[in-house]
Ligand code: NDP
Ligand code: GDR
């Protein structure tokens with residue numbers, strides 16, 4: 001029997017890799033996408049086949065995590081065996097600008113989807129994209145038993161979603177799990193997260209298209225892994241015999257400065273000559289250090305990442321250099337955006 005999966009956030013970094021993984025495993029994949037005036041499916045266009053094609057196994061449905069009735073209808077129609085809730089307003093700094101919207105989608109959105117699964121009466125396993133941001137101010141190393149102390153509206157919303165997931169497991173016997181994932185990146189990472197912002201800038205500086213990149217706090221410590229390995233961990237959590245919560249992380253310890261240095265080294269440039277400070281990139285409250293202990297996932301699921309942060313920086317820089325050589329600067333960079341927020345403002 002063909003297994004069916006529903007992925008919210010399928011147009012994002014993780015959603016695109018997860019869709020690829022599940023299609024390769026023979027799943028029929030259904031993705032929730034938001035109606036937008038411009039195309040927002042760039043990361044999954046290579047997977048899409050005309051739905052009239054008898055071999056099509058990827059289907060996209062309009063919807064939004066703020067629309068609970070739509071979620072009930074969709075889950076009822078699709079009858080998925082597995083539901084992956086990856087959709088969220090996922091940018092920590094932006095969550096300080098849009099705290100209510102972040103709470104509504106990143107927090108309440110998870111509750112709406114859990115309730116949709118319950119109300120539709122389907123026998124589906126549920127994955128919640130929980131985050132190391134929930135640990136916030138609690139010092140590393142962090143694992144599944146580390147207390148939460150979120151430092152942003154995003155982190156607080158993720159804590160709500162985490163507990164909603166556990167509650168549906170306890171109250172309704174739903175196979176619902178939290179993957180508590182530490183930062184994971186890739187060439188498909190959103191352009192305003194610090195790794196991609198840096199590797200994209202490195203490629204442009206090396207090509208002579210810009211000279212400097214402005215950054216905020218270089219002292220923050222993160223444990224950056226490689227996204228394709230992390231979506232494999234999500235899938236394994238839903239194949240386990242019993243529902244449980246798992247940390248996925250590399251255990252590595254890199255400052256933002258270390259990542260910047262590794263990225264500039266890859267093209268033979270000195271980062272000190274190209275990085276400038278801008279306080280606009282600081283957060284009202286910062287998460288100083290996140291270093292994960294994924295021992296439980298290794299023991300129970302056999303999950304162990306291979307790509308460390310130094311290798312990740314090389315992968316991302318090489319991809320941005322190649323993409324620039326292939327396509328030239330994107331249209332956003334060429335248009336005069338006076339008075340409008342630029343990508344670089346985030
Ligand atoms: P992205 O920001 O790349 O993708 C977010 C996705 O959510 C996009 O598909 C976006 O759609 C969709 N989305 C946003 N708001 C809504 C909404 N209201 N209704 C429906 N869809 C919506 O995130 P990542 O792929 O990096 O992360 C996936 C999940 O994992 C997120 O929940 C994130 O918070 C969480 N996470 C990520 C980590 C990481 O390091 N990447 C670490 C830990 C947790 P659109 O394309 O239209 O904007
Ligand atoms: P994070 O990722 O907040 O950890 O959340 P981000 O890349 O935005 O920031 C990492 C660290 O870098 C510092 N920083 C900057 N960050 C950005 N975006 N832009 C800058 O110019 C800049 N300069 C320094 C930040 O202060 C921070 O300390 C990511 C998201 O994917 C979340 O959805 C996810 O839950 C967590 O990772 C785990």
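A Cβ is built for glycine as well, from the same backbone N, Cα and C atoms used for every other residue.
Annotated features, as they stand in TrEMBL:
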DOMAIN    6-316  domain 'NAD(P)-binding'
BINDING   126  NADP(+) binding site
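In the three-state DSSP classification, residue 126 (NADP(+) binding site) falls within a strand. Cβ neighbours within 10 Å of residue 126 (NADP(+) binding site), excluding its own Cβ and spanning all shown chains: 25.
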